[in-house]
Amino acid sequence: MVATPFMGPLTDLVAFCEMATLLHSSHGKAKVRVAKAKRGPGRYTELFQEFVVQVSLEGGTESSFLRGDNSQVVATDTCKNIVYWVVKHHPCDSVEKLAMDIGCFFLAHYAFVKCSQVRVERLPWSRANLHGKSHSHGFVRQAEEYNFASVTCTRVAKQNEVPPYTNTFGCFDHSLYAILLTSGVDKWKLLKTTCSGWEGFYRDQFTTLPETNERILATECQISWTYSSRQYAELGKLDFPKVLSQVQDIVRQRFFGDSTNGVYSPGVQKTLFDIGAQILMSCPLLENVSLSMPNIHYLPANLEVFSKNGVRFENDVLPCKIVKKRKRANISHK
């Protein structure tokens, strides 16, 4: 809630609230953790997936904030239960489709909700391997990296009635809603041990950092991309896992270069922009790309106490210093 400023001797809270203006309000539920197991015959589990879902709803809450009237507020527990229900009836083949369908569900079933914002993260579980053999029902989670989708669903046409409750998922008219869909990957760590430098930067009396054309380049990426289409029917036909794979392949190619000689990076900024431009050129369905690539520094150890005793460090021992100096860019078509 944001109130207009008031300057004066008024101290009566009731009178002040009558003069205040509610600029924006929303309600929902954050961090809904839900898992889904697809079981096969016997003890075999075909697939195990875990999601973290966030729901934010706009519309209908003005009376709740201003007058304490909660008649058009979807309780947080209800939001959680709806997420469970949608996941139960959904194929969960992509976080994008899951996020879109959760968002559309809220608009379809609550006429007072004008806009729904949903973020779905998929946590990386993979099948366990024991003595070279895949386990029938065991899964492990090792990587921090995860992919996600964020969607904003807005009502663009009047809805005549709320659909009746049904166990048949997706029975409502998706053409009533505009979809703004963003996909991405976060906490994706990349590192190369050479072919990177930092030279020619501005120097003055405060500069102590030496230039180098030989260093380790490491980062933790957050990359997101927004689709140009706003239609559910068009977005629903896309192969989202294929787009994710294509984007990650481009990042690897531009970051590492070929497997023998690599590619030189004069700085994270240039590498970051080249990655974004290549993604947009290769994926015409995308409207823009946003990248964040903070540095993770590995600096060579060179301790005099060892060199005095005949022990030489030749850039083979590298204390890790995590300094998240943000390098960000948002790149779009002209």
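Cβ from N, Cα, C; glycine included.
Just so you know, TrEMBL annotations are computer predictions that nobody has curated.
Note that the structure is predicted; figures quoted are calculated from it, not measured.
Some features that TrEMBL has for this protein:
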type	residues	note
ACT_SITE	LYS29	active site, charge relay system
ACT_SITE	THR76	active site, charge relay system
ACT_SITE	HIS297	active site, charge relay system
BINDING	THR76, ASP77, ARG215, VAL268, GLN269, ASN295	urate binding site
BINDING	THR76, ASP77, ARG215, VAL268, GLN269, ASN295	5-hydroxyisourate binding site
BINDING	THR76, ASN295	O2 binding site
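Residues THR76, ASP77, ARG215, VAL268, GLN269, ASN295, recorded as binding urate, reach a greatest CA to CA spacing of 51 Å. The Cβ of ASN295 (urate binding site) has 20 other Cβ atoms within 10 Å, all protein chains considered.
On the backbone, the CA of GLN269 (urate binding site) and the CA of HIS297 (active site, charge relay system) stand 15 Å apart. Between the CA atoms of HIS297 (active site, charge relay system) and VAL268 (urate binding site) there is a gap of 12 Å. Once Cβ contacts within 10 Å are tallied over all protein chains shown, the recorded positions ASP77, VAL268, GLN269, HIS297 are led by VAL268.
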